[in-house]
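Take a look at the structure set out below.
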Amino acid sequence: MILQRRNRTLRRSAAIRTMVEETVLRPADFIVPMFIIEGENQKEEIPSMPGYYRYTLDLTVEKAKEYYQKGLRSVLLFIKCPDELKDNTGREALNPDGLMQRSIRAIKSAVPELVVMTDVALDPYSSYGHDGIVQDGEIVNDATVEVLAQMAVSHAEAGADFVAPSDMMDGRIGAIREELELAGHTKTGILAYSAKYASCFYGPFRDALDSAPGFGDKKTYQMNPANRIEAIREVLDDVAEGADIVMVKPAIHYLDIIREVKEAVTLPVAAYHVSGEYSMIKAAAANGWLDYRSAVLEATLAIKRAGADLIASYFAPEIMEWI
Ligand code: PBG
């Protein structure tokens, strides 16, 4: 054959392939989720997330230092609230000496350069396991948003760099921004979980925090997996209300959404490679059905290639060892 061009030319050797590589993972792309528990010097493996742990605050601080030394630049904090502190209004979420607020202070003082992001939603604190306040079997929007805005201010006061509302209530980005401004927290960023789907892939996370909904599901606030255009509407609303970063969640099953969101906004786009997506790869690798490292890197690259500027990932600490 006489061909104009042979596309295999650019795949011929490892050096050439590297030269023309379009997508490259770098340490600062990642946000590492961390699960924090009360107590001292303890770690608990999460049964449905093999290789991932809940740590007490002292060990969390050590991990945070280690992550920063390895090149990671950001963590996203979640706490496991003791059952006796849970109620319907999420009062513990506003406790200035609550586990979240203590954790923010401890990490920021040990590793000031590390970007500390915090989950803002009521589910870990809710006796019903829902992201908002429950009235007559419904998750009420406006009363929840009031608490979320106070929660965000409380995290900002403790030193959080970004608050990350993951609740999917309407109007919460605007309300949080306004309360932060009124409280003088003009440097606190908002990473908005803008297109968060009602996904079965959050199951292992709910095991980690013991935060599964006590009744019903989250479909009246999280998005229907069947919808695409709605994701753009959610994202544009959050942009208009003052989000600094918008996020799509889950990631691997929503690569089309990541791409469309990336094309619709001028803000950085994050994607959350969620717990169930982590556990799937772990389980397949444990059975010898997939090569672990190749699967993790291919999946993570796909998320970035789709358009994610930032990736929240349980694989991040391991990926750091490989890239
Ligand atoms: C809570 C929250 C969830 C996740 C992040 N924040 C669970 C949920 O909405 O039920 C899921 C993260 C994961 O699965 O890795 N609002």
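Glycine too: its Cβ is placed from the backbone N, Cα and C atoms.
Here TrEMBL flags Lys196, Lys249 as active site, schiff-base intermediate with substrate. The Mg(2+) binding site annotation in TrEMBL covers Glu234.
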Pairwise Cα distance for Lys249 (active site, schiff-base intermediate with substrate)/Glu234 (Mg(2+) binding site) [Å, integer]: 12
Same-chain residues at least 6 apart in sequence whose Cβ lies under 8 Å from Lys196 (active site, schiff-base intermediate with substrate): Ser166, Met168, Gln222, Met223, Met247, Val248, Lys249
Most Cβ neighbours inside 10 Å, all chains, among the recorded positions Glu234, Lys249: Lys249
